[in-house]
Amino acid sequence: MIDVNAHILLIYTGGTIGMVENPVTGSLEPFDFAHLNSHLPELQRFRFHVDHIVFDPVIDSSEITPEHWKKIVRTIEYNYHKYDGFVILHGTDTMAYTASALSFMIENLQKPVVLTGAQLPIGKLRTDAKENLITALEIAADKDVLGNPIVPEVCIFFQNDLLRGNRTTKVNADNFNAFKSYNYPNLGKSGIQIRYDKKVIHQPDYDKKTIFHYQLDTRIATLKLFPGINRQTVETILGLKNIKAIILETYGSGNAPLSPWFIRLVRETVKKGVVIVNITQCNTGMVDMHRYETGRELLKAGVVSGFDATFETAIAKLMFLVGHKYVKEDIQIRMRVPLIGEITRVEDRMNETI
Ligand code: ASP
């Protein structure tokens, strides 16, 4: 049920959604949010209140850094008590990274934070922007009979799909259905009505405070395996100075070559104090290093399972954990535990032993 008294804050960070075509030159330019109502007259038909903040400068989301994530979180923290929900307009390219990062940075979030964007600018005739923005605003204003928000989590709404932010990946550079959550069900679907799947939506503890975190550390690297990857490449990446964690992108259920030089390099890197997290190159399913000898060797070398985490979420979670200055062992433990629904809890894999 939409709360007619709701106040929603719209935060425009950049991306295609906020562009209009210059009628004279034909080029795309960021549109002036002061004229939001003229580009989106539908806004006046909402019964609830929408304020907006525009980042200066607005950016293509390929330019996003953890500093922008902090700026978004600061904006939310500063306005947290004044608004019932937040809609963030963001370029689609890195939206899944931002959504993942925000989910860790805002602990015990009690209000909707809905990210959306568009494949075509709001000023284009066939745009998907209006649909995405209008529905995202409605989701942010939706409450249950007790007056609690229906979706008090960081989520992405895009072309009918409401997805958990830290489970989402951009899958399509052309089509309107640009995002997917492979390993977690949709939180909702919009059609004639918005239908929520309440049993899969996270519920916060309303008796506890919301805590905003700003510690992020980018000393993270990634090594993507491919058949024939040469020793020098592996040595260079695993040997990088001043790196705290490395994501190893493996095959299938978390498998890697058994070559002694490879396993030795992995083992030595972990011994040096670097956390190595195993993320599969498959979209669906999860890492299970017990299944094959090629996985067991990684486990023995000290690699920690990323289970069914997306690459985006693994990056954001590592930045968050390294930023909090946890020691290697603590990071390894926390990578195996869902902090905010980013991995599937598999009880019998929690105490992973050799
Ligand atoms: N390059 C743009 C961005 O991510 C694409 C988009 O907005 O969809 O900012």
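Including glycine, each Cβ sits where the backbone N, Cα and C put it.
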Starting from the substrate binding annotation in TrEMBL that includes T92, D93, which of S61, S100, S103 is the extra site residue? S61
Taking the Cα atoms as reference points, how far is T16 (active site, O-isoaspartyl threonine intermediate) from T92 (substrate binding site) in Å? 8
Integer mean pLDDT for the domain 'Asparaginase/glutaminase C-terminal' (219-332): 96
Structural state of S61 (substrate binding site), classified by DSSP into three states: helix
